[in-house]
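*Asks:* Dropping a structure here in structure tokens format, bear with me for questions.
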Amino acid sequence: MVAAHAAHSSSSAEWIACLDKRPLERSSEDVDIIFTRLKEVKAFEKFHPNLLHQICLCGYYENLEKGITLFRQGDIGTNWYAVLAGSLDVKVSETSSHQDAVTICTLGIGTAFGESILDNTPRHATIVTRESSELLRIEQKDFKALWEKYRQYMAGLLAPPYGVMETGSNNDRIPDKENTPLIEPHVPLRPANTITKVPSEKILRAGKILRNAILSRAPHMIRDRKYHLKTYRQCCVGTELVDWMMQQTPCVHSRTQAVGMWQVLLEDGVLNHVDQEHHFQDKYLFYRFLDDEHEDAPLPTEEEKKECDEELQDTMLLLSQMGPDAHMRMILRKPPGQRTVDDLEIIYEELLHIKALSHLSTTVKRELAGVLIFESHAKGGTVLFNQGEEGTSWYIILKGSVNVVIYGKGVVCTLHEGDDFGKLALVNDAPRAASIVLREDNCHFLRVDKEDFNRILRDVEANTVRLKEHDQDVLVLEKVPAGNRASNQGNSQPQQKYTVMSGTPEKILEHFLETIRLEATLNEATDSVLNDFIMMHCVFMPNTQLCPALVAHYHAQPSQGTEQEKMDYALNNKRRVIRLVLQWAAMYGDLLQEDDVSMAFLEEFYVSVSDDARMIAALKEQLPELEKIVKQISEDAKAPQKKHKVLLQQFNTGDERAQKRQPIRGSDEVLFKVYCMDHTYTTIRVPVATSVKEVISAVADKLGSGEGLIIVKMSSGGEKVVLKPNDVSVFTTLTINGRLFACPREQFDSLTPLPEQEGPTVGTVGTFELMSSKDLAYQMTIYDWELFNCVHELELIYHTFGRHNFKKTTANLDLFLRRFNEIQFWVVTEICLCSQLSKRVQLLKKFIKIAAHCKEYKNLNSFFAIVMGLSNVAVSRLALTWEKLPSKFKKFYAEFESLMDPSRNHRAYRLTVAKLEPPLIPFMPLLIKDMTFTHEGNKTFIDNLVNFEKMRMIANTARTVRYYRSQPFNPDAAQANKNHQDVRSYVRQLNVIDNQRTLSQMSHRLEPRRP
């Protein structure tokens, strides 16, 4: 699950604080908070709730820096671990010396290790943190107690020899080859084949429901059919099945989606092509249900027809959730030569979200889309490859888990979904360092074969151009197809272009200036690659470097060529610099007013161009546009209202100003209360982008003494964070009910939250139950749209790389993210403050209706906030309340929950958004997560060169914000004509409890835990 950034540190701190308590001191609310966090962790997703509950009682939290050794090979273990964040290297040495240890794999989020503490066998490997990592630790005595009590639950979850394998062999070492299923290398799976030996119960049931529904509603679809003189018994036609499915439910939006849903049945063998030759296709092909494989298959009884009517929509919802994965597997099982352009695009989109591939360039990912093979294995215990064998493939786990086994040492670790293995043997051309054994049934992998892997690397290198100076690379370009297929002149060869992979800032700028197309209009010239440079240059070439460089390029004169050639070069050079400056100024807009260097550059540049235009007629056509931009920015900067705009105290997002909401700028001033230990406060007036050091100075001036002062962020739950002196724009980073405190360092432990931070004690159900759900959703969307519109794209960049590195504010983004948390906690607060059961049921219905209307208005941010509020443990545990919710609303909620399913990197949400046209308000925390994923998975500099491929990927994500806002939000005419000042005021001034512990306590008082 994704949480908005503004709440992340607070919620993290809260559950960590609970884990830091001694087990005997943990309350039921503490355990609830820990349980909520752990059930989202992959390592625990298959754990029985009772077992996970016990882990919450005895586990400890560890936060380790990069390079820390947890234990060494040969040590006797004392703890079991699960990875919550970060990654760790598994190193093995044949001599037990750490000097010659080889890294055999990496443990990612969700992996667990250390089961050897059950019988005190020595550790089989050395474990070292690869990056800053968070772990859950369970001490040996507690882990043994869990094993004794919950052995039946844990046997299938731990690595052998403690876990249970289907083969029944002793998995402490590699099973004998004669007795263990081995993989036949390079046998491609045909898409028509099933991927399971036995269909799952739920897919069998789904097939039965669909067959009965067809026989009940359209019996003519299942009949004997003749084709080429051959009769096929009791079968259906692919196109007719797609038509029928689209008519049955609104949750099927396209024929492609329906194909994926039928493919789910085909993969399990519940539906089959009559000759076992084809995967499911929207064509005149014959398919037969499993029940119809037998002679005289029975028709559904009246009772079965009734059951089918009741279960059909739930079945459709289930298949719609499973369909995208089945469709992806179907594509990956096609021979690479048969994959269409659309197929390759679908695979490429999937690869963007696989952490093991995050460091690879776009070109390599696109090449991989063409060669990746889907591989599945039905039986646990199958050996994928053996230690010492030649490395022929690289694997990424899509589903399931594997054990990494070394001769004489047994299982050294377990790898899970998203982890990869086998790449080192390909890169180093070395034998396999370990054996890989399937840990469970039905494991799915992506496989890259060695020859394809090496060919891709060779092709990339062959298409790479390196510009060197003094024997050092200064610019690395990659040759790629230009995108426009054949030219109008009949040339069938695709044109090539060069994209920047890496380089020095100066050479990257020089390249983009040289490649600007002067014949294009300004709109056409906003080529996305140049746009990437303009958006991202602040990371590697701040304006203090860019502006002088642009001046130097503008005045540059060639040293060679005829006089005419020199004049032509100089003119075109000037025009290109002007073009880039126009785009740069358009992108930055009002933000330039806060940058003295940029303002001075613009004015001087305009004077230079004006002077040149008198002598060079060709520059005159660009002058008016430059003049317009410079004047507009200069006049805005000098306007009286821009000089010192005082913002609202405490940044209440529900500001009730009548005029249109204006973006907050770093130079705007804020009146802000900073509290002392005794809860008195002093009010300071400082710019929004002020650093903590300057805040301390302002507070010290008011208090008369500032020696040893620190500034502390205090949440309503009492979590305290000391702010660093170079932190900037901290006012908007507070949690909803958070406050700033100033105190000497020795008073830090004595700080306590203000009573007002606790939030309301009475709900507002009496007020908003009278308001229409549609009116509430509409006014929420109007307000969310105002907040979203104020977020500048560059704030996303500052947020990702750290605003302190730019000394810039991200106030508008902070407030928009805080709004997400505000709505989420509003839902939980209102339900937990409602003591009457029947009223709580009405509240659930109300919130589900509001969420549905937000979805209609394409306000996905509020939609997800409401759904996440309803799934908060303080609400989801209210079994009596949920039991009384009508089944219609339960179905709506189940459908909404399926959209926020985090599996496969929130694929359900991504597919939904891909179908929507702007304007829309996105699920902002996920967009932030995507940018952070790219940032943390790729270095900013490689060999002292800017990694421009990383810049391009981050800019591409940030640019989606521009796309979502590319059309104005047109108010609903029926809503806009209503005068709903009361609704407008209500949604802008939500009063919430944001302390999860308090909410859990209230929830337990409403419905105590059942014995």
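Just so it is clear, glycine is given a Cβ too, placed from its N, Cα and C backbone atoms.
Feature table excerpt (Swiss-Prot):
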type: BINDING; residues: Gly422, Lys423, Leu424, Ala425, Arg432, Ala433; note: 3',5'-cyclic AMP binding site
type: DOMAIN; residues: 216-291; note: domain 'DEP'
type: DOMAIN; residues: 496-634; note: domain 'N-terminal Ras-GEF'
type: DOMAIN; residues: 772-1009; note: domain 'Ras-GEF'
*Asks:* Between Leu424, Ala425, Ala433, which of the binding-site residues has the fewest other CB atoms within 10 angstroms in the structure shown?
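*Replies:* Result for the binding-site residues Leu424, Ala425, Ala433: minimum number of other Cβ atoms within 10 Å at Leu424.
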*Asks:* What is the total of other Cβ atoms whose distance to the Cβ of Lys423 (3',5'-cyclic AMP binding site) is within 10 Å?
*Replies:* 17
*Asks:* Three states by DSSP: which one describes Arg432 (3',5'-cyclic AMP binding site)?
*Replies:* coil
*Asks:* Taking all residues of the domain 'Ras-GEF' (772-1009) together, what is their mean pLDDT?
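*Replies:* Here the predicted model's pLDDT, averaged over the domain 'Ras-GEF' (772-1009), is 93.
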*Asks:* Excluding near sequence neighbours, so keeping only residues 6 or more apart in the same chain, what lies with its CB under 8 A of Gly422 (3',5'-cyclic AMP binding site)?
*Replies:* Phe385, Gly391, Ser393, Trp394, Tyr395, Arg432, Ile436
*Asks:* Specify all same-chain residues, apart from the site residues Gly422, Lys423, Leu424, Ala425, Arg432, Ala433, whose Cβ lies within 8 angstroms of the center of the Cβ atoms of the 3',5'-cyclic AMP site, ordered by sequence.
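*Replies:* Once Gly422, Lys423, Leu424, Ala425, Arg432, Ala433 are set aside, the remaining close residues are Ile104, Gly391, Trp394, Phe421, Leu426, Asn428, Ala430, Ala434.
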*Asks:* Taking the Cβ of Arg432 (3',5'-cyclic AMP binding site) as the centre, how many other Cβ atoms fall within a 10 Å radius?
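*Replies:* So the number of other Cβ atoms within 10 Å of Arg432 (3',5'-cyclic AMP binding site) is 20.
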*Asks:* Run through the domain 'DEP' (216-291) and tell me, per DSSP, how many residues are helix, strand and coil.
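*Replies:* So the domain 'DEP' (216-291) is made up of 31 helix, 20 strand, 25 coil.
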*Asks:* Per DSSP, what is the residue tally for the domain 'N-terminal Ras-GEF' (496-634) in helix, strand and coil?
*Replies:* 107 helix, 8 strand, 24 coil
